[in-house]
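Trainee: Copying in the features that TrEMBL gives for the protein in this structure:
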BINDING   Asp12, Val13, Gly14, Lys15, Thr16, Val17, Asp50, Glu107, Gly108, Ala109, Gly110  ATP binding site
BINDING   Thr16, Asp50, Glu107  Mg(2+) binding site
ACT_SITE  Lys37  active site
BINDING   Thr41  substrate binding site
Amino acid sequence: MNTLLVTGTSTDVGKTVVTAALTALARAEGLAVAVCKPAQTGVAPGEPGDLAEVRRLAGPVPTLELARYPEPLAPDTAARRCGAPLLTLDETATAVGGLDAELTVVEGAGGLLVRVGEFTLLDLARELDAPVLVVAAAGLGTLNHTELTIRALDAAGVRCAGVVIGAWPAEPDLASLCNREDLPRLTGVPIVGAVPAGVGAWDHDRFTAAVPGWFAPGWSPRLPFNSDSPPSTWGFDTSQSGT
């Protein structure tokens, strides 16, 4: 079984839609895929959460949510505030490893060092010996946030599967266009995908049909970026629109 963890450079950068896109891409390659969201926050019991959105966009796949907290806070903070036990690294790693799939995609909460419970997504990546895909914003601030995230991965000895821009604007400004060129140069990690802003509102058929065009040719969620390869920027279509 291959496992791929998805983190963001911050919150609200498009992790869930990227997770859905990765799932759809892997399914198109014929892989049996499962998706895990260890901790969901800001969603009441019985309400649809991020995994429901992944299934709506990518199609019916096995999903696993280990904990849910009603307040929209970091998972460990939300757990403490409602008196719930914190997730442990061992139980989470065991649950992920128990999913019967050729590829398991694990979506984190917020950024790499956000406490999912008694641990961070970085800790989970080390425990599972799994690569991490970094979802980044397009505009101002993303150079610093993305490089900090990738440096943290490097320092921990965790492989980076690449960078995906989580919401590429229909009309990118100068900062976004410059960042597209500068991110691979500054981080040493290629941009392997760019998901157009707004596609989370699409229906399943439209979403899955478009997914292959959002990722670099030849890149697969089951084949992480090889750091021995020179970083490069691929020519994704800057005219793509999620409208």
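For all residues, glycine too, the Cβ spot is worked out from N, Cα and C.
Since this is a predicted model, take the numbers as computed values, not measurements.
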Trainee: So if I draw a 10 Å sphere around the Cβ of Gly14 (ATP binding site), how many other Cβ atoms end up inside it?
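Mentor: If we count other Cβ atoms within 10 Å of Gly14 (ATP binding site), we arrive at 24.
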Trainee: List only the single closest residue to Thr16 (ATP binding site), chosen from the recorded positions Lys37, Thr41, Glu107 by CA-CA distance.
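Mentor: Closest recorded candidate to Thr16 (ATP binding site) by Cα: Glu107.
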Trainee: Going by DSSP, is Thr16 (ATP binding site) part of a helix, a strand, or coil?
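Mentor: Going by the DSSP assignment, Thr16 (ATP binding site) falls within a helical segment, counted as helix.
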Trainee: Can you list the residues of the same chain, besides Thr16, Asp50, Glu107, whose Cβ falls within 8 Å of the Mg(2+) site's Cβ centroid?
Mentor: Val6, Lys15, Thr19, Ala20, Lys37, Gly49, Leu51, Glu53, Val54
Trainee: Using other CB atoms within 10 angstroms as the count, which residue among the binding-site residues Gly108, Gly110 scores least?
Mentor: Gly110
Trainee: Using the structure shown, find which entry in Asp12, Asp50, Glu107 (the binding-site residues) has the sparsest Cβ neighbourhood within 10 Å.
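Mentor: Among the binding-site residues Asp12, Asp50, Glu107, the lowest count of other Cβ atoms within 10 Å belongs to Asp12.
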Trainee: Which residues, in sequence order, are found in the same chain with Cβ within 8 Å of the centroid defined by the Cβ atoms of Asp12, Val13, Gly14, Lys15, Thr16, Val17, Asp50, Glu107, Gly108, Ala109, Gly110 at the ATP site, excluding those residues themselves?
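Mentor: The surrounding set, listed in chain order, is Val6, Gly8, Thr11, Val18, Thr19, Val135, Gly166.
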